[in-house]
């Protein structure tokens with residue numbers, strides 16, 4: 001299975017430069033760019049699969065809306081999936097499966113999210129009862145529905161279990177911003193980003209961040225805890241899209257590709273320590289690809305929290321110089337439904353930019369899961 005193209009939007013801060021863009025608009029921007037890059041016409045694409053988490057108010061089936069907006073035919077099909085933070089990568093896997101099962105020849109996959117525009121929900125209004133207002137971002141995106149606690153508490157638990165200090169978390173967050181700032185200044189993101197209006201770069205990167213500044217931030221979830229706004233990912237808007245095709249068909253059509261998909265796996269874990277789940281899934285991704293840890297040139301881990309990223313790296317003994325070499329979600333942002341497709345896109349371009357070959361992308365998932373995928377370029 002080959003990736004013909006991969007494009008993403010810049011990632012905006014909450015109420016920032018992309019605040020006026022809906023999830024459909026962001027997804028369509030990424031999809032148009034991916035289709036243009038792929039060398040195939042929109043009419044040739046049989047199916048669209050997009051991850052999207054905060055669905056309320058966006059209309060029926062966001063993936064179908066994107067598909068038709070970018071010129072896919074009425075005969076095509078589309079599916080929107082919600083696997084929380086893993087949605088965008090699971091969408092890639094489902095697109096791959098559709099091709100392997102001979103249900104489609106060419107599939108548009110990706111993820112999109114406008115966390116800024118997540119609405120307030122009013123319950124009981126139709127029943128004549130006292131209305132109850134609920135924030136859909138908090139309930140559907142940032143709270144563990146199993147243990148009824150904020151995602152940040154799961155990070156506090158991982159930090160305690162694996163003895164990840166506040167200082168280590170702040171240093172990791174600072175490094176993420178430094179790497180992302182250097183990548184932006186060096187033009188390393190240009191090939192993967194399609195502008196949205198006048199917005200051309202990721203909005204959340206703080207080149208002037210320092211460990212001293214991060215150390216001054218108060219903890220959010222626990223008075224004696226270690227997780228702060230500085231060492232946790234932000235609330236963001238963005239999208240990413242890729243076009244997939246069977247390798248033999250791409251060869252027959254004379255189409256070049258960016259990467260090949262090698263393996264996929266997903267695993268569950270206790271929801272209370274959801275952030276550690278990538279440490280469970282990555283070994284299975286490696287096993288299916290026939291790789292050892294040292295065989296992988298680059299790892300792209302979604303930085304939901306510094307604590308969980310460090311715990312995964314510690315458990316698997318991943319070299320720091322091979323993980324998130326251009327920074328991660330602590331700097332770039334974490335638009336929930338888009339992140340899986342975003343980190344895969346970033347991984348592909350990082351490998352190509354450095355003339356490396358093997359990569360693994362993995363994300364933890366609220367509710368206690370992880371997804372992971374191997375690629376070669």
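Note: Cβ is positioned from N, Cα and C throughout, glycine not excepted.
According to TrEMBL, the active site, acyl-thioester intermediate annotation covers 85. Residues or ranges marked as active site, proton acceptor by TrEMBL: 334, 364. Annotation comment: TrEMBL describes 2-247 as domain 'Thiolase N-terminal'. What TrEMBL records for 256-374 is domain 'Thiolase C-terminal'.
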Local Cβ density at residue 364 (active site, proton acceptor) - other Cβ atoms counted within 10 Å: 35
Distance from residue 364 (active site, proton acceptor) back to residue 334 (active site, proton acceptor), taken between C-alpha atoms, in Å: 12
Number of Cβ atoms other than its own within 10 Å, given for residue 334 (active site, proton acceptor): 28
Counts of helix, strand and coil residues, the domain 'Thiolase C-terminal' (256-374), according to DSSP: 57 helix, 30 strand, 32 coil
List of residues, in chain order, with Cβ under 8 A from that of residue 85 (active site, acyl-thioester intermediate) and at least 6 apart: 53, 302, 304, 334, 336, 339, 340, 363, 364, 365, 366
Per-region confidence, the domain 'Thiolase N-terminal' (2-247) (mean pLDDT, whole number): 97
